[in-house]
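One structure is given here, and the rest of the page talks about it.
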Amino acid sequence: MDTAEIRSRFLNHFARRGHTIVPSASLVAQDPTLLLVNAGMVPFKPYFLGDLATPWPRATSVQKVVRTVDIENVGRTARHASFFQMCGNFSFGDYFKAEAIPFAFELLVDGFGFKPDDLWATVYLDDDEAEGIWRELLPAERIQRRGKEDNFWSMGVPGPCGPCSEIYFDRGAAYGREGGPIADEERYLEVWNLVFMQYERGEGAGYDYPILRELPARNIDTGMGLERMATILQGVDNLYEIDISRPVLDLAGQLTGRRYGADPADDVRLRVVADHSRTAAMLIADGVVPSNEGRGYVLRRLLRRAVRDARLLGAREPVMSELFGAIGTAMGPIYPELVDNAETITGVAVAEEASFAETLRTGTTIFDAAVRQVRSTGAATLGGDEAFKLHDTYGFPIDLTLEMAAEAGLSVDEAGFRRLMERQRQTAKADRAARRIGNVDLSAFRPILARSGATTFTGYEELSRESGVVGLVGIADGAGLTVVGEGDEVGVVLDATPFYAESGGQEPDFGLLRFDGGEVEVLDVQRPVPELVLHRVKVRSGELRLGDRVQAEVDENRRRAVSRSHTATHLVHAAFRRALGEGATQAGSLNSPGRLRFDFHALGAVPPSVLTDVEDEINEVALRDLPVRAFVTTQEEARRLGAMALFGEKYGDAVRVVDVGDYARELCGGTHVASSAQLGAVKLLSESSISAGTRRVEGLVGIDAFRYLAREHLLVSQLSTALKARPDELADRVTDIVGRLRDAERELDRLRAAAVLAGAGALAEGAEDVGGVAVVTAEVPAGTSPDDVRLLAMDVRGRLAGRPAVVAVVKADGSSIVVVTDSGARSAGLRAGELVRNSWASLGGKGGGKPDIAQGGGGNSEMIPAVFAKLRGLVAELASR
């Protein structure tokens with residue numbers, strides 16, 4: 001049974017049982033706690049949690065999935081792959097265990113032909129209900145109980161979870177010992193996991209996590225790996241050898257000069273090349289590009305592992321382009337984006353392959369030298385400093401170094417590597433302020449500090465003061481200067497300054513330094529070392545000399561706008577802690593003129609109603625005109641007073657506390673308004689996730705908030721006029737319009753499809769007889785959708801029932817072609833995929849597919865006559881054999 005048939009039987013089985021078939025979502029997870037979709041249920045997570053109303057009570061899908069947590073096992077076992085397709089059926093508070101278990105059993109036995117005697121089931125330790133249901137289907141001795149590690153499912157991050165029941169297939173004594181799944185999971189192969197989604201879990205490593213609550217409804221989430229099922233039903237040893245994977249595996253062998261099956265070690269690498277290249281193609285098709293972080297790093301790692309193994313197998317030329325072509329042929333019929341965007345997808349992979357080839361060439365030389373050095377001393381461990389150099393200088397990911405070292409029989413000092421990485425991060429953090437100023441060597445400030453002492457900050461009390469210039473520093477080289485002139489950009493250190501240096505999430509002050517005969521503009525203010533304030537300035541006029549006296553003037557409007565934002569952030573922090581609990585602590589912030597960004601710890605999205613309540617409370621506090629007071633005290637006293645200290649921040653013995661009346665109290669070194677009424681208004685604009693367990697709120701303060709509200713009011717007025725509705729009727733009116741538009745679009749789609757099919761009868765009647773095969777070739781308008789092109793081709797084929805038939809339909813601009821064949825034509829050796837490759841692809845296009853249907857893209861209108869002629873010739877040649 002081919003993979004397409006397995007897929008079809010699965011979906012149809014559940015469609016007949018009231019499930020809506022839902023297309024696969026993108027691999028790029030919309031869930032902010034995930035980089036990539038790593039389970040079939042991920043697109044349904046909001047429905048399981050009750051965050052969104054469920055469009056259907058039951059659903060079924062075949063979802064694209066990427067998992068790289070076990071990447072080292074890919075190619076080494078029969079069941080590990082980084083990309084797979086997860087068949088699933090889902091119930092959202094509709095049915096539960098009593099239906100889910102028989103649904104699965106019926107499909108396995110009646111749909112896929114499994115013998116009941118070959119099936120085993122496992123249930124969670126205390127799940128008597130599930131075991132009782134299974135006992136109606138299997139004997140008790142083939143039902144086993146297992147613990148949390150095996151039979152309690154979660155995605156590995158906060159979210160839905162629950163006990164599960166797994167179904168196993170006994171492959172026979174040749175594959176291992178008796179005793180069921182508990183004894184041997186190589187012999188007893190898991191084919192289906194039925195998750196009884198009842199709970200929501202919290203943060204925690206491994207299996208040590210809290211259960212937060214029961215979900216609003218008891219749900220079902222099942223997962224049956226399509227490739228694993230194909231492995232069993234096609235009678236092959238592993239999922240790399242099934243119908244959609246074997247062509248890529250064989251091509252990897254051809255490109256590297258190694259025959260699959262000849263050498264076990266080579267086979268592992270060939271499987272890695274085939275697996276990783278397929279996963280990479282699917283990721284790129286969904287918009288992921290290689291990078292050094294996030295999902296881009298996952299892609300880069302996969303591509304680089306594939307390239308390295310291909311080269312170790314003997315490939316001397318790039319391989320990704322050809323591999324991606326084979327992947328498009330194998331997977332394109334199900335995922336047409338692989339064909340439609342083949343050029344872009346392949347281009348990304350080829351560029352990354354070329355880049356890594358140079359990295360690999362240089363880095364491998366350095367690695368080999370390091371290995372020789374270790375062996376010459378009789379040691380067995382590669383130093384952390386060598387691993388760090390490979391990573392930092394040559395772009396070698398640590399996992400690649402670990403893998404290569406293991407192959408060389410060495411271990412790696414990972415702890416030493418991590419220490420050096422942490423030191424680099426700390427150095428980067430400490431030096432960030434200086435880098436903002438320029439490439440200034442921190443040693444440039446030592447003589448200034450020794451000569452003049454620390455900079456005195458007076459900006460809490462004043463916005464203008466006379467100060468002395470105690471340091472001039474070149475931005476480009478950090479050199480000490482004595483005089484600068486018009487147009488120069490330099491760093492200026494004053495003995496005392498009212499300018500606030502960026503820190504604590506507050507942006508720096510801007511302003512002017514005036515002196516006899518000229519002035520300079522202050523563009524940025526940083527603390528490159530704790531004791532000194534460095535002003536990055538541009539000389540507008542005159543010459544500024546070391547030792548000059550200047551009038552330092554802070555831009556008052558900017559300072560007040562930033563101060564409003566900072567005070568508002570304190571209120572936002574306090575309001576969220578009141579609304580969500582003491583755990584909603586600040587994780588970061590940015591206070592700029594009229595705008596704030598506040599990051600805080602929270603397990604899930606903040607409901608809109610809570611955001612509204614928080615905003616209302618903040619504005620009520622502002623209207624109370626509470627005094628804002630700052631004072632310095634000891635850490636111990638500040639704690640006694642209940643002042644909030646920010647996680648991750650370090651404080652000295654003396655700390656500055658900022659109070660907003662009796663509402664908020666925090667340790668803070670920033671600038672603030674004098675009273676809460678000076679905020680004017682606060683408008684929260686958005687709430688989103690920035691990482692697992694961290695949310696972000698952005699908002700406007702003061703005149704910026706008023707302007708936003710005025711624009712919103714004007715927009716509502718304009719919409720009310722345009723839609724002839726009161727403001728409180730707008731939502732219903734827009735919903736109605738959108739609904740009618742959707743209905744009109746559906747009707748338009750129906751009419752368009754009908755128009756396309758209107759000519760199907762005439763095309764069938766005009767079929768040419770080529771060697772006893774009915775051949776139809778047709779052009780349709782360039783604007784015809786790919787779905788309608790396929791629909792027309794299959795409709796014409798249906799009208800030719802009883803005669804061997806080949807139907808080819810191409811868009812007039814040559815952008816795509818679909819070829820279909822019936823069983824009679826296929827019996828005569830006419831396979832759609834080969835016809836596309838030998839006609840369309842041979843003349844400059846790209847494409848391929850299955851024996852019954854294939855498609856191509858990347859052509860042009862000029863090649864259509866030649867394609868049709870070649871197609872007829874191929875039919876004549878093959879039909880005459």
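From the backbone N, Cα and C atoms, a Cβ is placed for every residue, glycine too.
As written in Swiss-Prot, here are the features:
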{"type": "BINDING", "residues": "HIS566, HIS570, CYS668, HIS672", "note": "Zn(2+) binding site"}
By a 10 Å Cβ neighbour count, the lowest-scoring of the binding-site residues HIS566, HIS672 is HIS566
For the Zn(2+) site built from HIS566, HIS570, CYS668, HIS672, further residues of that chain with CB within 8 A of the site's CB center: SER563, THR567, THR569, ASN591, VAL628, VAL658, VAL660, GLU666, GLY670, THR671
Which residues does HIS570 (Zn(2+) binding site) neighbour through Cβ under 8 Å, counting only same-chain ones at least six apart? VAL658, VAL660, ALA664, GLU666, CYS668, HIS672
Counting every protein chain present, what is the number of Cβ atoms, excluding its own, within 10 Å of the Cβ of CYS668 (Zn(2+) binding site)? 26
